[in-house]
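Participant: The annotation domain 'TLC' is assigned in TrEMBL to 44-238. The transmembrane segment annotation in TrEMBL covers 51-74, 80-100, 138-157, 177-198, 210-230.
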Amino acid sequence: MEALLPVLQRHPGLSVLVCALMFRVAHRLLQNLPVPKVVAVDDFRSWKWRNLSVSMVHSLLTGTWAVTCVFIWPEMATNIHSFYTAPAYILICISSGYFVQDAGDIILTGHARGSWEFLIHHVLVLWCFLYSLYSHLYVAGAVVALFVEVNSVTLHLRLMLKLASQQSSPLYQINKFLNVFTYVVFRLSAQFYLTYYIVQNYSWMDKGGYFLITMTLMNTMILIYFYRLLRADFFPRSRPSMALNGTHNNNIKKFLTE
């Protein structure tokens, strides 16, 4: 990894595009895997399943990588401004590539309007990650931010089970509790820790206002989504049964975002 670092640092933009291409290849390969019948017969569910499959690969890879980096180099949690290692820098390249690929998949498949929240999230993440890759600052902060991907594993599993109409399954019931736990421990805690760090060190940090605004927007989004998650899984409102045949795509999309 040390030998690869200088190459990536000389061409960060190209490195991100190469990583995006790698995730696109993964997207193509994952299409060969079998999917539940209820997913296969619906165009939107099929696209969403493929999209989530790639997201799951990203989350499993980067969430584990991020936690391992901080475990091996604890200074990443205390010096998010200037400390970084070769594995940390490579991790941010790989993750940036995923967000570029996913944004492209959403836009080019015509799902931008129904997935605008994800696109806003990707833009917020990318402008921070790309700044880190070009400036070599806040790489450790980006690694800590990727702790949220541990929670994304359970979030993606939740949505895939909903796509497969498995909300009554034991796996869904177990996952919904695990999802809340990882949301608090890995997503909320990581975001609020980074926000606290920026506020405490705002006076001397490079682009402090830039990152504080970004974190404020991200915090607002994750709190709204947490409320929606709790309401949907623990305080569901009564609704008519949603049969697949004859169900409008707008209803399916709303169903999956809750």
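Backbone N, Cα and C define each Cβ position, glycine as well.
Automatic, uncurated: that is what TrEMBL annotation is.
Note that this is a predicted model, so its numbers are computed, not measured.
What does the local environment look like for each feature on the list?
Facilitator: Within the chain, the transmembrane segment (80-100) has long-range Cβ neighbours (under 8 A, six or more residues past its boundaries) at 1-2, 4-5, 8-9, 12, 15-23, 54-55, 58, 61-62, 65-66, 69, 73, 122, 125-126, 129-130, 132-133, 136-144, 146, 194, 197, 201, 205-206.
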Participant: Six or more residues out from either end of the transmembrane segment (51-74), which same-chain residues have a Cβ under 8 Å from its Cβ atoms?
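Facilitator: Apart from its flanks, the transmembrane segment (51-74) reaches 23, 26-27, 30, 33, 83, 85, 87-88, 91, 94-95, 98, 101-102, 105-106, 143-144, 146-153, 156-157, 159-160, 163, 186.
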